[in-house]
Amino acid sequence: MNASHNSKKIIISSDHAGFELKEYVKAFLEGKGAVVEDLGPEDTQSVDYPDYGIKLALKMTDHPECAGILVCGTGVGMSMVVNRFPRIRGALCHDLYTAQMSRAHNDANVLILGGRVIGKGLAEEIVNTWLTTEFEGGRHQRRVDKIEVNESSSTIKGEG
């Protein structure tokens, strides 16, 4: 068990298409000793993914020390929703390299998975990689800071 699984609370949510994988990932994390807060849904009944993405984004805004995990059918819908919120950096990951780089270079704080795209074994590996990879800072911090500057402005700023 890596200490990173225990170091921060993990907030997790999905829509109906991601429910099965969400439940699997939650059990995997709890089995590793992680504290996981599940924001729903409670079953596979059809729900609207924006409701659950928004719920997680608002929770993360109030608790920036937490890590977030979202699952929908492809991961695309949840990505579109969650990345509209300030200080939320959601990364849709379907492979280990993207999971690692989203943390190391982009300081992603929400991992997004496609429940109909990846299997349980790969999901475990992605989640483990994402949670155990540290942000490198340095030149990457400067780039992340530029995202936050743009979040607080109605004008998109480029170089400079």
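Cβ coordinates are placed from backbone N, Cα and C, and glycine is handled just like the others.
What you see is a predicted model, and the numbers here were worked out from it, not measured in a lab.
Its own atom aside, the Cβ of CYS72 (active site, proton acceptor) has 32 Cβ atoms within 10 angstroms in the protein chains shown. Residues or ranges marked as active site, proton acceptor by TrEMBL: CYS72.
For HIS105 (active site, proton donor), the count of additional Cβ atoms within 10 Å of its Cβ stands at 17 [all protein chains shown]. Summarising the annotation, TrEMBL assigns active site, proton donor to HIS105.
Positions annotated as D-ribulose 5-phosphate binding site by TrEMBL: ASP15, HIS16, GLY73, THR74, GLY75, VAL76, GLY77, ASN106, ARG116, ARG139, ARG143. Taking a C-beta cut-off of under 8 angstroms and a sequence separation of 6 or more, GLY73 (D-ribulose 5-phosphate binding site) has the following same-chain neighbours: ASP15, ALA17, GLY18, GLY114, GLY115, ARG116, VAL117.
Considering only the residues assigned to D-ribulose 5-phosphate binding, ASP15, HIS16, GLY73, THR74, GLY75, VAL76, GLY77, ASN106, ARG116, ARG139, ARG143, the longest pairwise Cα distance works out to 39 Å. Long-range C-beta contacts of ARG143 (D-ribulose 5-phosphate binding site), restricted to its own chain and to partners at least six residues apart, with a cutoff below 8 Å, comprise HIS105, ASN106.
Its Cβ placed at the centre, ARG116 (D-ribulose 5-phosphate binding site) has 13 other Cβ atoms within 10 Å. Of all the Cβ atoms in the protein chains shown, 21 others lie within 10 Å of the Cβ of GLY77 (D-ribulose 5-phosphate binding site). In this structure, ARG143 (D-ribulose 5-phosphate binding site) is part of a helix by DSSP.
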